[in-house]
Number of protein chains: 4
Amino acid sequence: MSDLLTIADKTYQSRLIIGTGKYKDFNETRDAIETSGAEMVTVAIRRTNIGQNADEENLLDYIPPEKYTILPNTAGCYTAEEAVRCCKLARELLDGHDLVKLEVLGDQKTLYPNIPHTLKAAQALVDDGFKVMVYTNDDPIVAKELEAMGCVAVMPLGSLIGSGLGILNPHYIQLIKEDANVPIIVDAGVGTASDAAFAMELGCDGVLLNSAIAHAGNPVLMASAMRKAIEAGRESFLAGRMPRKAYASASSPLEGISR
Amino acid sequence: MSDLLTIADKTYQSRLIIGTGKYKDFNETRDAIETSGAEMVTVAIRRTNIGQNADEENLLDYIPPEKYTILPNTAGCYTAEEAVRCCKLARELLDGHDLVKLEVLGDQKTLYPNIPHTLKAAQALVDDGFKVMVYTNDDPIVAKELEAMGCVAVMPLGSLIGSGLGILNPHYIQLIKEDANVPIIVDAGVGTASDAAFAMELGCDGVLLNSAIAHAGNPVLMASAMRKAIEAGRESFLAGRMPRKAYASASSPLEGISR
Amino acid sequence: MSDLLTIADKTYQSRLIIGTGKYKDFNETRDAIETSGAEMVTVAIRRTNIGQNADEENLLDYIPPEKYTILPNTAGCYTAEEAVRCCKLARELLDGHDLVKLEVLGDQKTLYPNIPHTLKAAQALVDDGFKVMVYTNDDPIVAKELEAMGCVAVMPLGSLIGSGLGILNPHYIQLIKEDANVPIIVDAGVGTASDAAFAMELGCDGVLLNSAIAHAGNPVLMASAMRKAIEAGRESFLAGRMPRKAYASASSPLEGISR
Amino acid sequence: MSDLLTIADKTYQSRLIIGTGKYKDFNETRDAIETSGAEMVTVAIRRTNIGQNADEENLLDYIPPEKYTILPNTAGCYTAEEAVRCCKLARELLDGHDLVKLEVLGDQKTLYPNIPHTLKAAQALVDDGFKVMVYTNDDPIVAKELEAMGCVAVMPLGSLIGSGLGILNPHYIQLIKEDANVPIIVDAGVGTASDAAFAMELGCDGVLLNSAIAHAGNPVLMASAMRKAIEAGRESFLAGRMPRKAYASASSPLEGISR
């Protein structure tokens, strides 16, 4: 079955996008990413050396851009200006690479996105020719606005970054997906394999995660779990699940159940 | 990684047990089961021809006992006596095969198990030399009693048979698993891939399902989803999930969250 | 509006039944119970002095039987025999009082009920002329059997005794209520006011609780909260809630929402 | 116990704010509001006659401003400009009354708020001397910004207007409340009494609702339920709930439970 994900005119077999931070070392990063089957990996430009510091180990020696789509991200930016500057630095470091993941955070406590700054930065980046995948909250109106602006993927949070609380509000994620014409990728919150499968069953086009693998007891084994979970959730969505019923003999779905 | 499931001294690679009912025809049954990777399949003796009726198609021509462990079940029995009789018939039809799945139902509306009759039939079957895998509710005291009696696997419901409502009470399933010395297999209720993965993440040893595949829009594709979901959930459990936190900067898991 | 609860031919304005254990002292017990508006209070015969020990304070001096219906309970009993003996002692101490709450527990860790012993004790007590209100799990088949046996009220757990986890499986509580001809009273698990209101909105006839009040920071204020919550939940049930919709403009309830 | 809600320097005994739309007629509106105990009622200026049309019935003849704090709202406005204009009209109609509820909606399908327009309108109204209670989503960063701007109350949605789905994401509501210095009032989504109690147990300062009463089978009885539910939830919050435990014998809260 051919079921490819297309982002900014490039196609991917895998619907899992993996972060590169929080691992023990670059060897573990590489092993986990290889096992996950991910074809796109995201890199925090402010925290990870991809050539800024000539003296340090370079992530790209472990995760080669010939093999993976590198997705520079603006983690650690709290204003539109910082985020835009960060993307420009990435484009320079990566020889004109224009696919970026924009994230503008609201505060250090929650790492919840700052939506007004996100909107502003997204517009500036699109105007400047970037292909913007944008981290956002689960607001369906904002999601439409980001799509209308020209972002190439909209990435609502499942729950807070680093929380592992799963998809706290599947209803809004579904509302976003229902009306979207660009890929919707759940970004942040996935803590375990069933969370990832569930995100895909909601109809989302992909999942981006980092801590769930990097902070698992065994990151490489969790990477394998996530690969399978994403595929399982996608196939389950495409297959079409059985109807829910209050009990098997009920003639209509969920008749008689109150909540 | 070697991670085998052992039931009644036989080992299995797959932790997925599949029902054979509710398919369009035996070809679909076979295709779904092959795709699922299941090594054990369960057969309702009262509903499926495995040789009782010489004139009809025989399931075993599609699902050969040389390849699969056949698990005769007592679906449709509402008393201990009927269920015991049904198991004896199966043993006869299958030349002394003594592994059975006992299920004694409470009523036709809910298909919830009748626990007093289940306990009585389980005792009679164990005494008669059967190896009993037993369908039960999510009562941890009853689960211990069934184990103490000598049942080879205890199979609590996730939710009602045919409902697809998932694992309604994960807390009790965990209590059952915490104290168990025999395999705990979630039986009934799984509706979709994330449900199956979640059951495995609770630490369960396997999942038995039927409608989730047979009543999916595309049963064979759902069988593939379930195979991957079971593996994903198992690996996720073995890997050890990241801690949940109210937010990433919280110093202890879930500090500050109320429910 | 007249909306009375009838148990064993006696009517009650209040649908809240309160335990008498776990308070700082009998003064606090009395203050909480008075504030709660409860007309029936339950007493653990094995733990509370209602006259067994002439030298100790007697609960009945604080909670007079002329004012409250005293419901002796068998907390701390782990076999049918102990529980039956305990009820007989209570009947003797209370001059022939025959209304009892039967609870037979499965183990000290979970305090989950032992259903086979509960069934046995219930039958013995009914045969001996007791009016039995019976603590049980959320098994709808067992609930019907206890009703058929002649129990005057069936009392399924919301969650484990002392856990405060609320109603873990509202679906099964509803199944029990749907088919019941005796009062269904949620017993155990209610932790906070919204849990109590929710139990009533499921259609239950009452709630029995103890720790939620006794272990609150301010037990008397929580008693007031519970009184109002029970009334709120009951009125809400009788009023008939608005339909749930995925969004206001959806033409049918919950169209378009996946879970 | 004195426990008053203060909004814009005025104190209220009741923490329930009621909408005036969707009732059969103004008599039902009045009866429900009287029963609810609400002291503040909100009026959609675009839909309800409070004097704009001299020929029609005037709501204020039923809900007199001498008795109730009238809270004009901008329901039906989809841009900042419309909303600001609507507030000015209300101020004129109500002789300089400057307390308003701002709501700017995103689309007709979901009625989800438009946050960029809400921020813009809130700023304009505050600058113009209005006391602004503001309907918003459950974004904690936006909530802080609205507070910083000078809004007198922040009113996050529990779920979509008219959905009755309850508090879909209690976690974010708690994050908002944790950092707030103005009243946080859950607005939209409450469907039943236990939802209202739960909102208060999260620590919120009040609840605004309309459909839950107006679309109940018996609106006046539901109004009574809501009054009690709000009080129950508030008292429960102030009393301090018992700790949750996986089982009563667990030595620490929730040890051993996985989710």
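Using the three backbone atoms N, Cα and C, a Cβ is placed for every residue, glycine included.
Note that TrEMBL annotation is computational and uncurated.
Features of the protein shown, as given by TrEMBL:
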type     : residues                               : note
ACT_SITE : D:K101                                 : active site, schiff-base intermediate with DXP
BINDING  : D:G162, D:A188, D:G189, D:N210, D:S211 : 1-deoxy-D-xylulose 5-phosphate binding site
DOMAIN   : D:6-253                                : domain 'Thiazole synthase ThiG'
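Annotated features, which come from TrEMBL, shown on the structure.
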residue: D:K101; record: active site, schiff-base intermediate with DXP; CB count, 10 Å: 27
residue: D:G162; record: 1-deoxy-D-xylulose 5-phosphate binding site; CB count, 10 Å: 23
residue: D:A188; record: 1-deoxy-D-xylulose 5-phosphate binding site; CB count, 10 Å: 29
residue: D:G189; record: 1-deoxy-D-xylulose 5-phosphate binding site; CB count, 10 Å: 26
residue: D:N210; record: 1-deoxy-D-xylulose 5-phosphate binding site; CB count, 10 Å: 25
residue: D:S211; record: 1-deoxy-D-xylulose 5-phosphate binding site; CB count, 10 Å: 22
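Site extent for 1-deoxy-D-xylulose 5-phosphate: the farthest pair of Cα atoms among D:G162, D:A188, D:G189, D:N210, D:S211 sits 9 Å apart. Among the recorded positions D:K101, D:G162, D:A188, D:G189, D:N210, D:S211, the ones whose Cβ sits under 8 Å from a Cβ of chain C are, in sequence order, D:G162, D:S211. Annotation note: D:K101 (active site, schiff-base intermediate with DXP) sits in a strand segment as assigned by DSSP. On a Cα basis, D:K101 (active site, schiff-base intermediate with DXP) lies 13 Å away from D:A188 (1-deoxy-D-xylulose 5-phosphate binding site).
Put simply, the residue listed as 'active site, schiff-base intermediate with DXP' is 17 Å from D:G162 (1-deoxy-D-xylulose 5-phosphate binding site) when counted between their Cα atoms. Put simply, of the binding-site residues D:G189, D:N210, D:S211, the one whose Cα is nearest the Cα of the residue listed as 'active site, schiff-base intermediate with DXP' is D:N210.
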